[in-house]
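The domain 'Lactate/malate dehydrogenase N-terminal' annotation in TrEMBL covers 38-177. Sequence annotations record features per position, and here TrEMBL assigns NAD(+) binding site to G44, A45, G46, N47, V48, G49, D69, N130, V153, S154, N155. Under the heading domain 'Lactate/malate dehydrogenase C-terminal', TrEMBL lists 180-342. Among the features that TrEMBL reports, active site, proton acceptor is placed at H210.
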Amino acid sequence: MHNGGSSSSLGPGGLDLTQAFFRPIISAAPPSPTKRHTKISVIGAGNVGMAIAQTILTQDLADELVLVDAKADKLLGEMLDLQHAAAFLPRTKIMADVDYAVTAGSDLCIVTAGARQMPGEARLNLLHRNVALYRAIVPPLVKYSPETILLIVSNPVDILTYVAWKLSGFPSNRVIGSGTNLDSSRFRFLIADHLDVSAQDVQAYIVGEHGDSSVALWSSISVGGVPILSFLHKQEIFYEKETLENIHKEVIDGAYQVIRLKGYTSWAIGYSVANLARTLLRDQRRIHPVSVIAKGFYGIEGGDVFLSLPARLGRSGVLGVANVHMNDEETRRLQSSAETILELTGQLEI
């Protein structure tokens, strides 16, 4: 199936139209062998995978975009649909196949594929099915792209990032989960909405599990460089802790609300993951709350666990974890979040 969408060789004789259409200039050197070519592979062509692919294309983040899925017909249809938009997009070679060989040489592999929870199914059983699925996904990605960065999006993202790390044998800096990058965006939006400012002027993080045990770092929130809680205290402006908890609850319930209304989430996670791809591949050294190996940070001990911490990201993956201020309560909640994830990962056989 794999089709780049264009070819300069046409006709029964294989006429090379490029050579016929363009004449070289005098004394020209051959193309540079060191020219940088960026390749991104997206594993899973469902709603999330295609939203990510579409956003990557519109933001001109890759020279080559590869789609992989088990459903050949849907995969071909999605590839053709994107290729037909070529006149409206930056030039990107788009390929697709059920064979992982098409991902060879990828700079970034984004995994969105995952088993869906069936009605009444226990969370642990769902995890076992996802581990089996990842056994079929991760090894071929490693085989064909041994220097790639793995970016895990499938849920439960923290546990599956750990699974991908164990299966890949990669150093921990090259296996990252999308984690609470989107949760933090929702958090920033809600705070900005309350204060009538741009969300880009709000510095605020959700950390820990991408789920119900996530932690809102209220003590380190700032707007336009002004620490919010310190400002309220100095101005003797009263606020109720319950108000803060309700905003955090809105963050947690945000995805559930979207799923209830439209059946799935796609656009926000598409922008979130494309945002991560930009930081990684363009070596922007930005700080994102993403799922990384957390042992040794903020008193988290007891085993290897992946959860979201504010991490500096660049071309080699995770460059370090920011020493963000947390008060005692936030630290305790983060440690409790880690214990929640460790309890589940301890029951997996990888």
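Keep in mind that glycine also has a Cβ here, set from the backbone N, Cα and C atoms.
Nobody curates TrEMBL annotations by hand; they come from automatic prediction.
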H210 (active site, proton acceptor) versus G46 (NAD(+) binding site) - Cα distance in angstrom: 20
H210 (active site, proton acceptor) CB neighbourhood, other CB atoms within 10 A: 30
Listed in sequence order, residues with CB under 8 A of V153 (NAD(+) binding site) and six or more positions away: V48, I52, I110, V111, T112, G177, S178, I269, V273
Length of the line joining the Cα atoms of G44 (NAD(+) binding site) and H210 (active site, proton acceptor), in Å: 20
For NAD(+), whose listed binding residues are G44, A45, G46, N47, V48, G49, D69, N130, V153, S154, N155, the greatest C-alpha pairwise distance in Å: 18
Packing count at G44 (NAD(+) binding site) (other Cβ atoms within 10 Å of its Cβ): 23
Cα distance (Å, whole number) from H210 (active site, proton acceptor) to N155 (NAD(+) binding site): 9
The domain 'Lactate/malate dehydrogenase N-terminal' (38-177) - residue tally per DSSP class, helix then strand then coil: 68 helix, 26 strand, 46 coil
D69 (NAD(+) binding site) CB neighbourhood, other CB atoms within 10 A: 23
Residue with minimal Cβ packing [other Cβ atoms within 10 Å] among the binding-site residues G46, V48, N155: G46
